[in-house]
């Protein structure tokens, strides 16, 4: 705790050294108040435990860009109001979709990635 207080006072002191107007205008009372404020805040600066959790929903953003400029087909993807310009023929759709991959596809990709790796001591195998 003493180290944190000392570090916060050092930061305040270095800020006062680089700002001449601040160091000229600060009296002893302001320095003591700043030090007291830093000492009061220091216990609250301790790190909080991380609240991150793995999202197991297997959802990923799916971005689809529609560009119907110059196309004779009537666009049916958008149901909103028209702007009256070429922007009526363009749209970006963003959806959160569930990603599904079969175990066999995953095994094939893993094998493909492993074959690309070669270490200093030879090809990568699961026994290395």
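Note that Cβ sites are derived from N, Cα and C of the backbone, with glycine treated the same way.
In Swiss-Prot, the feature 5-hydroxylysine is assigned, of 56, 93, to 56; the remaining candidates carry no such note in the record. Long-range contacts of the region 'Disordered' (70-89) within the same chain, counting only residues at least 6 positions beyond its ends with a Cβ under 8 Å from a Cβ of the stretch, are absent. For residue 78 (15,16-dihydrobiliverdin binding site), applying a Cβ distance below 8 Å and a minimum sequence separation of six or more within one chain yields 66, 88, 91.
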